[in-house]
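Residues or ranges marked as domain 'J' in Swiss-Prot: 4-68. Here Swiss-Prot flags 139-221 as zinc finger, drawing on sequence analysis. Positions annotated as repeat 'CXXCXGXG motif' by Swiss-Prot: 152-159, 169-176, 195-202, 209-216. As annotated by Swiss-Prot, Zn(2+) 1 binding site applies to 152, 155, 209, 212. If you look up Swiss-Prot, you'll see 169, 172, 195, 198 marked as Zn(2+) 2 binding site, on the strength of sequence analysis.
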């Protein structure tokens, strides 16, 4: 059985991201195989790295908290068999750069792997979309305009003038890094920094593309059509693949994430898949019953008010709520709360009729005059 990730890092389940990071750094220093030569230190370090990778990522941590290991679906990188790249570090010297201010090669004189200057994935973008109440319920299509980086069509992302190509950086020999040996309390380390000549790519563009000035990407305003699924709610996030920024040096684009907010409705209130609203009826409609037309998200709907309806009665309109995302044929309900309106003013004839009705029912009628007596008289009809 897999060990609990929180126990692995010796933190509580409500630990903050900073607490998790602090705990990981402390334990990683202790168990890193370049420092700790004990048998099992490397396996422990792998477990620590995997625990940190999961718990430092909000989405993965939420899935783990809810479903445990099953919630990760095998998709979490840097597992026990994946030493390189664990916890977001490119290799062993990456983590030492993080811990020891840019020193690597703990006394081993080891050569760090060259960072490739090839294609890299573009950045994801965020777009905040405000929907009307009923747009969120029934979905549809909307056009939005975004500004993003696209691959330069002239150089196809290389940054070089057509017919030419990037040259190996002479300053770093194509490694993308420059090194300097330093002695520290931990032993002999190599200080590693990105090459200032090629910015860490290992390549230099000597003949820049005239269209993008060597950047390989250009800014563009694009209008795209978004399909909004029925049933989205405030806080929903939609993903549009490939509409983020183009990657560097011809790499694949990132994604566009659309964060949804929904305007309030003057009549309806939503809770999950259900809709709530209030309708007013007269005291006579409550006593005698009636049919009335009420507003729903589908339009006017006739409802039956049964005789003797009490104040605050809730009627259920089955299947008139919000469609379920992914299964729009299944919908929640619409709950209609009835408010019985008692008149504050009454004509002499109506008052006389109500008095006779009260006597016929054998109910005491208030002798009070004016509004106070009227309210008492009508109130007795509901008891």
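From the backbone N, Cα and C atoms, a Cβ is placed for every residue, glycine too.
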Can you check which residue among the binding-site residues 155, 195 has the largest number of Cβ atoms within 10 Å of its own? 155
At the level of the C-alpha atoms, what whole-angstrom distance separates residue 155 (Zn(2+) 1 binding site) and residue 169 (Zn(2+) 2 binding site)? 20
For residue 169 (Zn(2+) 2 binding site), which residues in the same chain are close in space, meaning a Cβ under 8 Å from its Cβ, but six or more apart along the sequence? 176, 195, 197, 198, 201, 202, 203, 204
If one measures from the C-alpha of residue 152 (Zn(2+) 1 binding site) to the C-alpha of residue 172 (Zn(2+) 2 binding site), what distance in angstrom results, rounded to a whole number? 27
To the nearest whole angstrom, state the Cα distance for the pair residue 212 (Zn(2+) 1 binding site) and residue 172 (Zn(2+) 2 binding site). 25
Pick out which of the binding-site residues 152, 172 has the most other Cβ atoms within 10 Å of its own Cβ. 172
So which other residues, same chain and not among 169, 172, 195, 198, have a Cβ within 8 Å of the centroid of the Cβ atoms at the Zn(2+) 2 site? 170, 171, 173, 174, 175, 176, 177, 178, 196, 197, 199, 200, 201, 202, 203, 204
If you count the other CB atoms within 10 A of the CB of residue 212 (Zn(2+) 1 binding site), including all protein chains displayed, you should get 21
Between residue 209 (Zn(2+) 1 binding site) and residue 172 (Zn(2+) 2 binding site), find the distance joining the two CA atoms and give it rounded to the nearest Å. 23
According to DSSP, collapsed to three classes, what secondary structure does residue 152 (Zn(2+) 1 binding site) have? coil
Summary of DSSP states over the repeat 'CXXCXGXG motif' (195-202), given as helix, strand and coil counts: 0 helix, 0 strand, 8 coil
The correct DSSP tally for the zinc finger (139-221) reads 0 helix, 39 strand, 44 coil
